[in-house]
Structure formats: C-alpha cells, structure tokens
Amino acid sequence: MAAANAPIAMREALTLTSLGIAPQFVTFTHVTMESEKYICVRETSPQNSVVIVDMAMPAQPLRRPITADSALMNPNTRILALKAQIPGTTQDHLQIFNIEAKTKIKSHQMPEQVVFWKWITPKLLGLVTQTSVYHWSIEGDSEPAKMFDRTANLANNQIINYRCDPSEKWLVLIGIAPGAPERPQLVKGNMQLFSVDQQRSQALEAHAASFASFKVVGNENPSTLICFASKTTNAGQITSKLHVIELGAQPGKPGFSKKQADLFFPPDFQDDFPVAMQISQKYGLIYVITKLGLLFVYDLETAAAVYRNRISPDPIFLTAESSASGGFYAINRRGQVLHATVNDATIVPFVSSQLNNLELAVNLAKRANLPGAENLVVQRFQELFAQTKYKEAAELAAESPQGLLRTPDTVAKFQSVPVQAGQTPPLLQYFGTLLTRGKLNAYESLELSRLVVNQNKKNLLENWLAEDKLECSEELGDLVKTVDNDLALKIYIKARATPKVVAAFAERREFDKILIYSKQVGYTPDYLFLLQTILRTDPQGAVNFALMMSQMEGGCPVDYNTITDLFLQRNMIREATAFLLDVLKPNLPEHAFLQTKVLEINLVTYPNVADAILANGMFSHYDRPRVAQLCEKAGLYLRALQHYTELPDIKRVMVNTHAIEPQALVEFFGTLSREWALECMKDLLLVNLRGNLQIVVQAAKEYSEQLGVDACIKLFEQFKSYEGLYFFLGAYLSSSEDPDIHFKYIEAAARTGQIKEVERVTRESNFYDAEKTKNFLMEAKLPDARPLINVCDRFGFVPDLTHYLYTNNMLRYIEGYVQKVNPGNAPLVVGQLLDDECPEDFIKGLILSVRSLLPVEPLVDECEKRNRLRLLTQFLEHLVSEGSQDVHVHNALGKIIIDSNNNPEHFLTTNPFYDSRVVGKYCEKRDPTLAVVAYRRGQCDDELINVTNKNSLFKLQARYVVERMDGDLWDKVLQPENEYRRQLIDQVVSTALPESKSPEQVSAAVKAFMTADLPHELIELLEKIVLQNSAFSGNFNLQNLLILTAIKADPSRVMDYVNRLDNFDGPAVGEVAVEAQLFEEAFAIFKKFNLNVQAVNVLLDNIRSIERAEEFAFRVEEDAVWSQVAKAQLREGLVSEAIESFIRADDATHFLDVIRAAEEANVYDDLVKYLLMVRQKAREPKVDGELIFAYAKIDRLSDIEEFILMPNVANLQNVGDRLYDEELYEAAKIIYAFISNWAKLAVTLVKLKQFQGAVDAARKANSAKTWKEVCFACVDAEEFRLAQICGLNIIVQVDDLEEVSEYYQNRGCFNELISLMESGLGLERAHMGIFTELGVLYARYRPEKLMEHIKLFSTRLNIPKLIRACDEQQHWKELTYLYIQYDEFDNAATTIMNHSPDAWDHMQFKDVAVKVANVELYYKAVHFYLQEHPDLINDLLNVLALRLDHTRVVDIMRKAGQLHLVKPYMVAVQSNNVSAVNESLNELYVEEEDYERLRESVDMHDNFDQIGLAQKLEKHELLEMRRIAAYIYKKAGRWKQSIALSKKDNMYKDCMETCSQSGDRELSEDLLVYFIEQGKKECFASCLFICYDLIRADVALELAWMNNMVDFAFPYLLQFIREYTSKVDELVKDRIESQNEVRAKEKEEKDLVAQQNMYAQLLPLALPAPPGMGGPPPPMGMPGMPPMGGMGMPPMGPGPMPAYGMPPMGSY
C-alpha cells in the first residue's frame, strides 16, 4: 500500500544524532520524553551534561553541565527533575529546578534507591523503588508519600513504565523480566494494577498498558478503561492479546463490556513484544508499539483491528503521547524521533473499503469529524428516515462528520414528516438531539426559535443562549425582539449587528453602553446629538457619558470647551465642574484656560468647592495671580497666601490669623525662604506677641533646620520670650547634642519656674556642660536642690554638693541624698563632712541610718586615710551583731583588734569571715607568726611560703607543706629553682614526716618526690621509713615503691630488696622487672611467689632456654607449665616433642594448631595418638573428622569402619568430600555409603569404574545432576543400556532435556538418542519438550516418521520450535500442518502457495484461507488459483466472499480476461451492491441476452453506470432489452427519454407509469394529447387515473370535450368532484373553529384589561418624552410586508392528504 494512502501517517520529526548527541547516549537510561514538548538526554562524556530539546525549536537544544543519574522534563513547563545517587550509599538525592526562573523548587533525599521515575501528571512525580511506589508533589513542602508496595510478580523486573488515570484513582506499574528457559528470547511482561480507593493490587501479565476515558451510551459520566497488551507462552504456545476492561463500574449505569483481540505477529517477529501503548482520545484508537518497530492500531470501543505495519527498522525503546495531533512520538536506537498520527483523509476510506468494516468507518468519522464516510452516512440516514426511525436518524445527523447532514434540507425533511397524535414531532426530536450534542448553527437556531416563540416558551431560549447552544444572527434577534427586547439585545450583540445594538441601547437609555460597545466594534455614532439628548433628562448621565467620551481612544470626539459650554448654558455648574475635574486630571499645559475657568466659576459661586480643588493640588497651569485675588476676596486667605509671590502681599494676608488654620499657616511657612519666614515671624510677634507666639513657636519647631536654631533662639531672645524659648527648645532638645542648647533649655525652664522639667533634664540629659550647669544652679539657689543633686551625683561633684548643702544648712537634702539617691557615695559624703569638721554624732547617725546599704570598704578607706577608723567601731559591731558576713566588715574589725592587741590569735583562728590574705598582709610587718596563722587558715600558699622564706621559718613551712598534701604546692617548693629546697627537704625528712602519723601525708610526700624526679632522695626517705623500724615498715605500697624505685634508679639493690622484703606485689613487680630486662630478678620474684607459669614464661620468652624450661617443668610437674613448654616446642617446629608435651599436660585446647602442624610435618601416626587423647577431653567434629582423615592417610580403612560405627560427632559429609577431593576414593566410598549420600557415592563409583553400582546409587539419589553425571559417563564408556536408564530419568526434566540431546548428538549417537526419546514418550512424566525434541530428531534423521508423529502428538508439541526445524529441513507439508495447528494461517497459506507441489490440498487451503489476517494474501490466493486451479476458483471465492474487496477481484479477473469464470461468485456477492460487480454481471447478461436476470439486477442493485447501460441497451435488437433501457432512464429521472423510448415501442402502460412517477404535470398533459392524437381513447382514460395527481381538471375536461371523449373522462371527473367537496367541507369547519377561538381570546383580553384598570389611579402620570425619543419602537417589519402568519410552516397536526395513485372507483 502506498504511504500516501496509508491510514497512519509517519514522519521523522528530528534525529538526535544530528543535534550532536553521540549514539551511545541514545538508550533507555539516557533519553527521556515525558510529553510531546521536550526530549531530555543525559550525556556522560566528554563531560557530564543534560541536553534539553524543545520540540517547538528542535534545532536549538539547551545543553547544561549537570551531573545526574537521570533527568526528566516536566510534561508542560520548563521544570527539570534530577536524580543522583549519593556516593557510598544506596540512597538517591532528588531535586526539582525551574529552568526559566533558575531556582530550586524543592529537593529530597530518598532512603532507598529509585529504580524508575516518571511524571504521571504535570504536578506529580511517580517514584519506584525496589519495594514500593511513592508520589511526590512539586507543590508545597511535602515529602514523597508512599502509595503501595510492589507485588511479588514484579520482583527482579526492570520497570519500564508507570501511569495513572486522569482521576488519580487507578495506578499501573509495568515491568519486564527475562523469558522462560524454553524461550528466553521472548521477554516476560508483568503488570501491577492498584486501586487508590480500595487500597488493593492485582498482578497481571502484560508488557504495556494505558488508561482511557470512554462515554458509554446511556451514561453521562465517562467510564475509566484500562487497556493492556500481553504476549505469553503456555505449554509452548504463544498467545498475544489486547484487553480493554472497565475499572470501577458505576452502579445502576450502563457499563463498558470487556473486549479483547489478538495481536498477530509476523513469523519473523515471534520473539518481538509490546514495549509501549498510547491511546488517542481524539480518535478513540489504541496504538501498540513493539520493540522491533511494529505498530498495531485498534479501535478503543470495539477492540477491532484497524492497521498493522512496521514503522521503524531499528528497535524502539521510548514513546510519548502527542495529544495535539492524536498520535504519538517514538524514539529508536538510531536516534530517530518518529511522529505517527492518523491520516485524516484516508483512514475512513481504508476502514470501509480495505477492512470492509462499515460500522467502524462511520463511528470513526463521527467520533473525530473525519471525511470519507459521506456516502455511508447519507445512505444510512435515508434508510433510517425511510424506516421512520426518526430518533436514530436525528442522532446520526447530529453526529454526522463535518456537519454533513446539518443542512436546511435536513430540517425541511423533518418538517415535512406528518406528526402523529400524542407523539413528539420528529423536528423537535431532531433539535433536541442537536442540543444534547452541542451547539446549533444559524439556520437551525432560527428554525428552533420560531417553534419556541410560537409556543411562548421564552425561558427555553434564555437557557439555550446561556448555555451557548444557539448561534446568534440578526434574523434571530429580529424574531426574538417581538417577545423580549433584552434577550434580543443579547442576540444582536453576539451576532455583531451593530446598528440594531445601538438602537436598542438608545431605546433603553443606556448611553454609556453605546460608547463601550461602539469602541469594541469600531462604530461611530453622533456623539453631540446623544449628549444633548441626555442633558435634557439626566444631567448626571450626561456627565458620565461625556467622561466616557473623553476616555475614548484617539481622543474625545467633542471638544472639552464645547461640552463645558453645554453644561453652563443650562446653569449646570456642579455637572460642568465634575466633568472638568475628571478630564483635567492629566494636568496638561494646553488645559490652562479650562483650569482657570473651573476655578473662577467655583470661587464666585461655590468657594468651598474651589478650596477643595486647590487643596487637592491637581492643577498647576491656571492663572495664579487671578486666582489669588479671587481667593482673597472670597476669604480664602490661606489659598491667597499660597498663590501670592510678593512679600508685601504675603504680610498683608498673613496677619489675618483669626481666619487661617494655625497648622495650615505653619505648613505655609515651609514654602517661604529663610529670610522671608523670619520677617513674617517677626511681624506676627510685633502685631500680637501673646496671641501669635504659639504659631511662631510651632513654625520654628517645624522648620528649625531650614531657619537655623541659632536664628530662632535670637528671635525669641530679642523679644525676651523665655516662654517661647522654653517651648521651642523643648521640641528640639531630644534630637540635639549641643551642650549650649541643653544649658539654655535648663536656664529657660528655671526662669519660667518649670522646676520639674529642670530636674528631669538634669537627670536624663547627657549633653549639657556639667560644670556650667552646677555653677548656674548654685547661683540660682533654687528652693528645690534636686536638680543640683542630679548634676553633682552624675558628674562626680559629690564633695562640692556636700559642701554646698552643709554650708547652706540643707542637712535634710544630705540625709535624703545618702539614704535615697545614692547610698554608694556615702563614703565621699562622710569624708567631706569630716573635712568640714562636722560633728561626729551627725556623721555616726548618718552612717547608722544607712547601715547595710553603705559600702564598707570605701568607707573604711576614707576613715583610714584620715586616721579615724575607730569612728566605725560601733557601726561595725552593730553590723556583726545583725549577722553580717561581709568580708570587709570583718577585715576592718580584725584590723582594729590587731591594732588594739586584744587577743588577736583567737580572732584569727576562730573568725571564719575575714579575708586571710588582706589581714595576713596587715600582720606581716607587725608579727610574722600572726601572718602565718592567717595564711594557714586561708591556705594562702604563695604568701605563707614567701613569709616563711623571708623569716627562715622552714620548720613551719615543712609542717604546712606536709599537712597540705597538695601536689601543686609540692611541685612549687621542690622545683630546682627554689633556693630553699634543700632546707625544706631536710626539715621534711628529719621532722615533718617522722612526726606524721597519717599515711596520706606520707603518700603525698612520696608522690611529690617521685614527681619531682628525686629518686635518690626518695630512696633515702623510704629506707628511713621502711627499713628502720617505723610505723610504716610493713607497708605494702612503700615496699613496692622502694623496689620499683630501685629498679629505676639503682638496679644493683633490687636483688637485695627482693630477698629482704616479703610484703610487696610479686606479680606486678615481676612484670616491671621483666620490662626493665632484669630477667633473673623477675624469675626469682615469680619463683619466690610460686608463680610457676610466669616463671617458665620468663625462661621461654626472655631467657629463651627451652632446656631450662623443660628442667623446670620436670621439677614442678604442673600441667600449665607443660602446656607452655609444648606451645614453645610447637612454635619451634618440634612437632613430635610438642605432641608428647601436650599429652603430658593433658591439654586439648590447641588441637587446631597441632593438627595443622602435624599435617604440614606429615606425622599422622603421632597425630592419631594426640587426637585419641583429645577425644577423651572434647567432642569436636573437627577432631573426629581429622582422626578419620589421618586413618585414611595411613591406610587404616578397617579403623575407619570401626570408628564410624562408634559414637562420634564428625561431619561425615565434609570428611567424605575431602577424601573425594584428595582422591582417596575407597575411604570416601565407605563414608558415602555409611551416610547414604547416594549422589556422591554414584560419582565416586564412576571414578572407580563401577558403573552398575553407580547406576544403583543414582537411582537411590534420584537427582538430575547425579543422573546426568552417571549418564554422560556411561555414554563415554559406551554403556548405552545403563545410559538409557539414566537418560529416562533426566529427560522428564524440561531444563535438562536439551543438554542430554546435545551430548548424544555431539558424540554421533543419533539412533541411541532417538531410542531414548521414543522410550521417554511412554513415561508418566513425559512433557512437551520430549515430544518436540523427538519431532526435531525425526525432522533431521528420520523424516519418514515426522508426519505421523506430529499428527499423533500435535497438542503436545512446541510448535514454533518444530516449525523452525521443518523450515530448515524443507519438510513443506509437515510445515503447513504445523502452521495450521499453531493458528499461523498467513504463514500456512504462504507456504502452500510457495510449495504447492508438496503442500497444496484444496480443502485444507480453503480452511486456511478464511482464517488469514493479511488481506494481501487473499488476492495472492486468487492469482494462485487462477494460474494453477482455475476450476476451483469459485469455490475459493465463495469462501472468502466476506473478506474480499469485490472490486479488486473483478479487476483481477477482467485483466486476466476470465470474468465469465467467476460469474457464480459475482452473483453470490451482488447483494453488496458493488459497482464493479454490478457492471460486470450486467455486461455478461447483455452478452448472454438474459433480460430477465438483467432486469432483476438493474431493479435490485443501482450502483452502476446507469446512463451508459441505458444508452447501450436502447439500440439493442431485443424489445425487452429496450424496455430495460426505458426503465433505467425512468429510475435516473430522465423522464422524457424514457417516455420517448416507450412510445417508440408502443409500451403505453410504461409511458403512463413513468409520467405518474415523474410528478411533472406538463409531461402528463402532453401524454394525454399524444393519446388523443393517436386515437387511443382507452389509454386516455387510463392515463387520467394513473396521473390523477398531476392532471388539472380543467385541462382534462377541455381535452375530453374538444375531442369527444367526455365519456372516457367522466369517471375521473366524478372522483375529482367528490374529493373537492370533501376538502371544502373540512375548510369550512376549520374556519368556524378558528373564529370561535378568536372570540374566546378577545374576551379573555378584555377581562384582563378590566382587571388591570382597577389599579390605574395608583400609577404616576406619564412624563412627556423628549422629541425623537418617545413612543413605542417602530415595527421591525418593512412597509408593505404581509403578516408572517404561521412563519411559512404548514400546520404541525395531521391534515387531509390527496390520494396517491388511482382514486377509489365509485359506483357509476
């Protein structure tokens, strides 16, 4: 088939390699395509990058350096998702980026690896791990949410797709896995379907799947469908299916019935499988794409096959839906991006002609609005109409492709149908069907509206218009205007009938809408006339209209000044102002005149409005001097100030402060220059200082930065206004850091009596001059001293303050300051009072009044400096009595006691609160021993050491150091730099330590000597303590320390100390001696303490004398010692000696090392003795196993047999395997036989060439592996009988059959192999593989048995495998039989035709032909029979009649010149009314002069060239042939030619019937004249009745009267008069009923008017309408137009109809 005529159009969109992408990156793992918008390619060389191909601009790929394991572009937007594995983990890091915004949207770290991911919606990512499936939304901050766990059937599968339905309620996961062992090339497909609502999964077998929505007839809600394709093997049979199933059936609603269809794979594609499925919602088609490039197209609704073809020579690995085109994109391994879509022009003709599926063709055309089914649709419509199935016809017309039947003719056809009583008119059925399907066109909308308006159902129109069901037109608006103006306006607007819209708005007085609408549609009305019209009735509406005009694009169509004058002419000041204010908002220079104008008219009439306009500041181009004068006259002084520009004018107006808002005046000062502002302020103060001071102060505060603070201060000082200065500086003070400003403010506040403010500023301010302020306050002598107290307290003038207050007798303030303000400064106050010689009683009282709040230390210092410390005795004692623990209190009291020498030792030793360091320092020069007491009490180490060194008090120092037991203190006094160290050590050794009874003090001293690294002094010390009989002579630790110190400092003394001392830690000291390499001393220590193992270890490990160790072991005779000796001997390689020592030690713990060493030394005899000893100690499998192995090595097989019969824990299996590996087969045989390991025993017997025994053992083992090993060994040894026994047990296993067959065949044992397989057929477990393999062997080596075999066992064969074998061996008959059995009818037919001498059989071929799927094979079969078996061709054609394109068959036979050969076939299929068949048969009938058959053919089948046949027949010599020609002319509507031909042959009856059927009055009357001319009176009478409806009565009567044939015309006249009178009676009756209805309606209207007039007095009087705008709207009809009446439609009810044909014959 030519590509242009194919139903599916293919094109290459682009090639990835042409964009610079290397071929190695065109793979499933590197390329992703989530939609038709983007392709994303991940490159890893020469550098890591991601290439994004925008399908709208494929030549401009975007390449970004990104490292990732996978990259996905969002289906709709430029959002990129990246996945990368975290190094060293199995976790994946996911990120989502917005490429356009260059921002990261979100990221997440998955705890497990994501093996597949996909955008399932534009907002949702599907993540598939090894165990579960997650959904991750790109919106918000949510993490991936788990949806479900993967089912078991998807374990170890490669996931290739994941999808969800549009509602996200159904999810499907697709994976593939390696094929079954018998057919590994055919990949398995597995599917998991999950329901979100039910939280359940279903596992299915499928390679590809997709979701679809489909509307089932009778259900308004769409059904969710799942489609999936699978290719599976079952018992060697391959099944390829497509399934369409509804998910979640809707209760109570019609459901979608399950569909399935076969996928027919060509022979060369048997291992091909589906990799993708896409569904076109646009066309309702399913696309199934396979790996090798096959495309299957199926109908979604019926699952009917539409098309199959190969679209790519290279494997396809990726597809994506193309929703815009209704097709899909596919990418193959070559890098081609292929685009497939439906060929709109050819698919419907293809389905109707090639597939002969007319119903599907019509459904496709209706579904997707496609061409090609016009004739079918029209024909079907006519059939339905003829069958009065009006509802079905209406539905067909509504769904007709491309609106084929949506024409006025169709409407007229429905209108013409008579309406039966009680039934819905067909026309309304038609319109109702159209409304449910969509929108009506203009003609349909108009006709439906006529019906609705006539029935007064306006609400239906409103609903349809709201739902956009009607197409609006001007005619429709005119129709609706008769009942509803508002609705008509909406229709006019939608129909863009601009003049009608403007007229309607004008009638409604919605003038603003006129402007909006005119602008939208580009229409220009008369604006000035409209504005004048609105002004008369609606001033505000006129303003709005004018404003809308001003906002029009291109400027206002009427001048602003003209519009303003129109308002002012009618004294509409406010309206003119409103208009001008709005249009003058842009504040343009060209509007200066209008700005001045609006201000003038309002300053004269409405000053407040003018003031508001000026306040808004919206104008800046008006005449300011003119406006200033008008403002002053109107009393708007502030506005006048703002507009005057001369200083005199400003001064003149400004003094009117009574009429100016103070705040506004202050703001006005901000517009003046500095000099003018100061002049105006001065004038204001001159005119009214008291009244204007507040305004001047406010202005000065507001604009102090511009005017200058100094200038303002000078202004107020000039008028001596301290009040003004106070208020001005008060506002400026918080932001100023100028000391002078702060001082002036304090001064002004003091002058104005603001004492509290002075107190506040002196307390809070940090910027005034303290000295200057203090002097001012002292000079001012304010009654309140608190400001002075603040200054002096804050700035350290406390003595001056105290002196001022004391000299001014303000003692109350002194007490207040000390007690309340700052008690901390009381010492300074006391010191100044002492300097001022204040009485001590006042000072003591002042001190006692503060008590604990008083800081003692500075007070003591102040008194101590003045030698008045005793003054505080009472105060200090008072504090102590109150329980004070203040160190300063007790220090001062101690100093007083020391100075008075009042038992100071008692105070120093008993008082816990004084500071030892302070008091000790105070005592150093007075009495050093008191200082030592103080320092000892406070542990003041440094001070005590210094004072004792300085005064040579080393004995006290030594005692203190020993008693302190402080390591840091010892370190300090024992430092080499200490010049007094020797004196201290002497006192410690001679006095301090001998006096001490505390072990801790001794220990601390010893530790200090060790830390100071004084070993000799330490030995001296320890010898004195330990060796001389002291309290510590037997001290364990000291003896240890003495020996250890000697080891370190003087090793020669160690052996003496070891012999003299007994109470020391022998093991520990011995280890230290070993570390110090004093091995003999260590040996002596261990020996002294009976530590024999440690002692022998010293001999072995340190002294390295095995002989001394062995002697020592004999002496002590301990097992542990012998064990150490044995281990040493083992290390030295003395294996036999070591084994003997281990036996002496009775030590079985090191048997592993002994076994390893014995095996290396090959001393199995000694090992046996050792292992027997070990077995007495331990029950270890290793020991028993090694014992057996040792017996085997020394060939003691009988011992092995005895041993295994005894209780043992040996792992005999492992032992046997080891013996087998070491080729000790006899021993292994004993073990395997004992443990009944028949499999190993069989193999072992094979090694020993004992085949019969091996077979017996294999039988007991019953293992496939064992059987194979024994079998192959028997084959190699040519023991075929035994080999067959084994083989029969192997071939029942499918997986092992092929291996056995190959083994036999490789060694040329064909007969034996066939014998084996034949024997296998009778086995109970015989399977398909045995039968198949035997068939293959027959095909190769015994072809004469092949056919019998496949016929006997056809159901138990793997037919595809046998097909390949027969094809290879060219067994065509058998091959054909196999194809038939496998339902591969295409291949069977091809084989029969290609190898007919061997394979053809007519009955068989007929059976095959009807099942062939490839249409081309039908015609190949026709050619085949035509060439080889022409006598049987009709039989074949009759069988294939339903599948053939009859036109093509006829063409084949016509070209071959054998049409007559297939006449029976053509007769059989003529019922299909195919043009080629009809013409061929007609041709044969003419040729055979068979007019009866020809007439029957012409009458029943009209699809042929009628005129051509008629022209051919009208000259035929046979009359019947010419009658047929006339008949054809009549059917074709060529009435004159038909009549002329009938006249010529005197066939008058035919003439009359032709006239009657033509409906042509002229022809009928001409025929009457012809009969009169020919004198055929009887024919004249017959013609009158046959053409009754066409002949006018006057014509008939005239012709009869003139030609004396009235008698022959009389029956016609009687019938005519009877019918005429009946019609008149009916009309009279209808007229009377109509008049009665009119009278009743008039009466109802009168009653209604009377009822309405009851409330007439409540209605307001009607207002007179302006000229041209009043009165009812003019009628829409044109003058002279007759009334429309019933809108040109006949009445819908049934009416009398004329009789057709002959009238009834009345009695004469």
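Cβ from N, Cα, C; glycine included.
Features of the protein shown, as given by Swiss-Prot:
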type	residues	note
REGION	1-492	region 'Globular terminal domain'
REGION	25-67	region 'WD40-like repeat 1'
REGION	68-113	region 'WD40-like repeat 2'
REGION	114-155	region 'WD40-like repeat 3'
REGION	206-270	region 'WD40-like repeat 5'
REGION	271-314	region 'WD40-like repeat 6'
REGION	315-343	region 'WD40-like repeat 7'
REGION	493-536	region 'Flexible linker'
REGION	537-1708	region 'Heavy chain arm'
REGION	537-648	region 'Distal segment'
REPEAT	551-697	repeat 'CHCR 1'
REGION	653-1708	region 'Proximal segment'
REPEAT	700-842	repeat 'CHCR 2'
REPEAT	847-986	repeat 'CHCR 3'
REPEAT	993-1138	repeat 'CHCR 4'
REPEAT	1142-1283	repeat 'CHCR 5'
REPEAT	1288-1434	repeat 'CHCR 6'
REPEAT	1437-1580	repeat 'CHCR 7'
REGION	1564-1708	region 'Trimerization'
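Same-chain residues lying 6 or more positions outside the region 'WD40-like repeat 3' (114-155) and placing a CB less than 8 Å from one of its CB atoms are 34-35, 70, 72, 74-77, 79, 81, 83, 92, 94, 96, 105-106, 108, 161-164, 168, 171, 173, 175, 190, 192, 194, 196, 199, 201, 203, 205. This prediction places the mean pLDDT of the repeat 'CHCR 7' (1437-1580) at 88. Counted with DSSP, the region 'WD40-like repeat 2' (68-113) comes out as 0 helix, 26 strand, 20 coil. Ranked by the number of CB pairs under 8 Å to the region 'WD40-like repeat 1' (25-67), the listed stretches 206-270, 271-314, 315-343 are led by 315-343. Secondary structure of the region 'WD40-like repeat 7' (315-343), assigned with DSSP and counted as helix (H, G, I), strand (E, B) and coil, comes to 0 helix, 20 strand, 9 coil. Non-local neighbours of the region 'WD40-like repeat 7' (315-343) in the same chain are 6-18, 21, 23, 26-28, 31-36, 39, 275-276, 278-283, 285, 287, 289-293, 295, 368; each lies 6+ residues outside the stretch with a CB under 8 Å from one of its CB atoms.
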